[in-house]
Amino acid sequence: MDVADPEPLGLFSEGELMSVGMDTFIHRIDSTEVIYQPRRKRAKLIGKYLMGDLLGEGSYGKVKEVLDSETLCRRAVKILKKKKLRRIPNGEANVKKEIQLLRRLRHRNVIQLVDVLYNEEKQKMYMVMEYCVCGMQEMLDSVPEKRFPVCQAHGYFRQLIDGLEYLHSQGIVHKDIKPGNLLLTTNGTLKISDLGVAEALHPFAVDDTCRTSQGSPAFQPPEIANGLDTFSGFKVDIWSAGVTLYNITTGLYPFEGDNIYKLFENIGRGDFTIPCDCGPPLSDLLRGMLEYEPAKRFSIRQIRQHSWFRKKHPLAEALVPIPPSPDTKDRWRSMTVVPYLEDLHGRAEEEEEEDLFDIEDGIIYTQDFTVPGQVLEEEVGQNGQSHSLPKAVCVNGTEPQLSSKVKPEGRPGTANPARKVCSSNKIRRLSACKQQ
């Protein structure tokens, strides 16, 4: 018998196979019949913070929701990779500057820095901030008009001026005031954020003269668009706040251009128009804040004394609500940490043998909000001379209790999955440095 002969083997020839069709041999399953098992969300602890879902992502890094396992406060953490910061011009310097500025600021309308954690092994920094439910730009983009009702815009603008006045009183020029850097809490409190390009004036400076600017082009004043070497820092913030007010009340920008060169050319000339429906009081305030000459431009005191600022505006239109979450479409913006809490506590008894969740080792709490480094410890020799020896310390002044490779006796190691570790011990796990 010929092996190549298909008949004795009960096989079809190529022609017969094509005539019968492949559907006879391959059973097709409709997608509606497939039951998809969602991937289990695995809990992860960074220090004492339980990680939630992604809130947003920018050029510097990701922002995630976290829960403080000690206070149960809802927070947001900005995750920064040192490798990524090196690729951004002035990236590391801007982050360091922002941390140094935020640690000294305490105001209702300025974002608060709660904690800074650093993982030396993974070269990651975690900036833990107070939680804000939404950004102003996100709210503007959620409505077709791209603007707020006058009553709502007035309330936000008053808070912006309060926060800006506080920053200026501390000798800080923000340099990048815009809706994208203004965040909102659940109760409508405005928070000025993103101080990465801000400048702290010298304590004994005679004026507010600045020489550099890295702000968003559409919000820059004529003196920067025209390339002046020096300019008034406070008046730059007044101009940017004026452009912001123009934008949130009209849905437009006072100056536009097809590219940055055209945009700066239009800003440099200083010619703009205000829509008629703004009304005389608001138009007068906008012209004062967008004055071409910095010396004639409104100060914060003049803004506070203006009739539009002091007036109580009636609620003529429906307020713009906080939009649903862009990913989950959750209109209430519920806590994304809840599924991870269930994984953390709900399955501990059933899966005692497993490593139920991840804890990043080597976390260092830097309570003065700078990156950990080395300091020199003076040791006096027999000849009376001092010898400086490098000694690794946490920046809060405490010595590390443990190396990332050395574990104390009797303490469960999270790096070894074979060991049984109860969830309560993992939650209470101390960082590599003593907290003061």
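Yeah, the Cβs are placed from backbone N, Cα and C, and that goes for glycine too.
Feature list (source: Swiss-Prot):
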type: ACT_SITE; residues: Asp176; note: active site, proton acceptor
type: DOMAIN; residues: 49-309; note: domain 'Protein kinase'
type: LIPID; residues: Cys422; note: S-palmitoyl cysteine
type: MOD_RES; residues: Ser31; note: phosphoserine
type: MOD_RES; residues: Lys48; note: N6-acetyllysine
type: MOD_RES; residues: Lys96; note: N6-acetyllysine
type: MOD_RES; residues: Thr189; note: phosphothreonine
type: MOD_RES; residues: Lys296; note: N6-acetyllysine
type: MOD_RES; residues: Lys311; note: N6-acetyllysine
type: MOD_RES; residues: Ser325; note: phosphoserine
type: MOD_RES; residues: Thr336; note: phosphothreonine
type: MOD_RES; residues: Ser403; note: phosphoserine
type: MOD_RES; residues: Lys426; note: N6-acetyllysine
type: MOD_RES; residues: Ser431; note: phosphoserine
type: MOD_RES; residues: Lys434; note: N6-acetyllysine
type: REGION; residues: 398-421; note: region 'Disordered'
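Summary for the modified residues Ser31, Thr189, Ser325, Thr336: the Cβ-based neighbour count within 10 Å is maximal at Thr336.
Summary: among the modified residues (Lys48, Lys96, Lys296, Lys311), the fewest other C-beta atoms within 10 A of the C-beta are counted at Lys296. Thr336 (phosphothreonine) carries neither a helix nor a strand DSSP state and counts as coil. Put simply, of the recorded positions Lys96, Asp176, Thr189, Lys311, the one whose Cα is nearest the Cα of Ser325 (phosphoserine) is Thr189. The number of other CB atoms found within 10 A of the CB of Asp176 (active site, proton acceptor), across every protein chain shown, is 23. Mapped onto three states, the DSSP output places Ser325 (phosphoserine) in coil. Straight-line distance linking the Cα atoms of Lys48 (N6-acetyllysine) and Thr336 (phosphothreonine), rounded to a whole number, equals 17 Å. For Asp176 (active site, proton acceptor), the nearest of the modified residues by C-alpha distance turns out to be Lys311; the candidates were Ser31, Lys311, Thr336. Taking Cα separation as the measure, Lys296 (N6-acetyllysine) is nearest to Lys311 of the modified residues Ser31, Lys96, Thr189, Lys311, Thr336. It is 21 Å from the Cα atom of Thr336 (phosphothreonine) to that of Thr189 (phosphothreonine). In the three-state DSSP classification, Lys296 (N6-acetyllysine) falls within coil.
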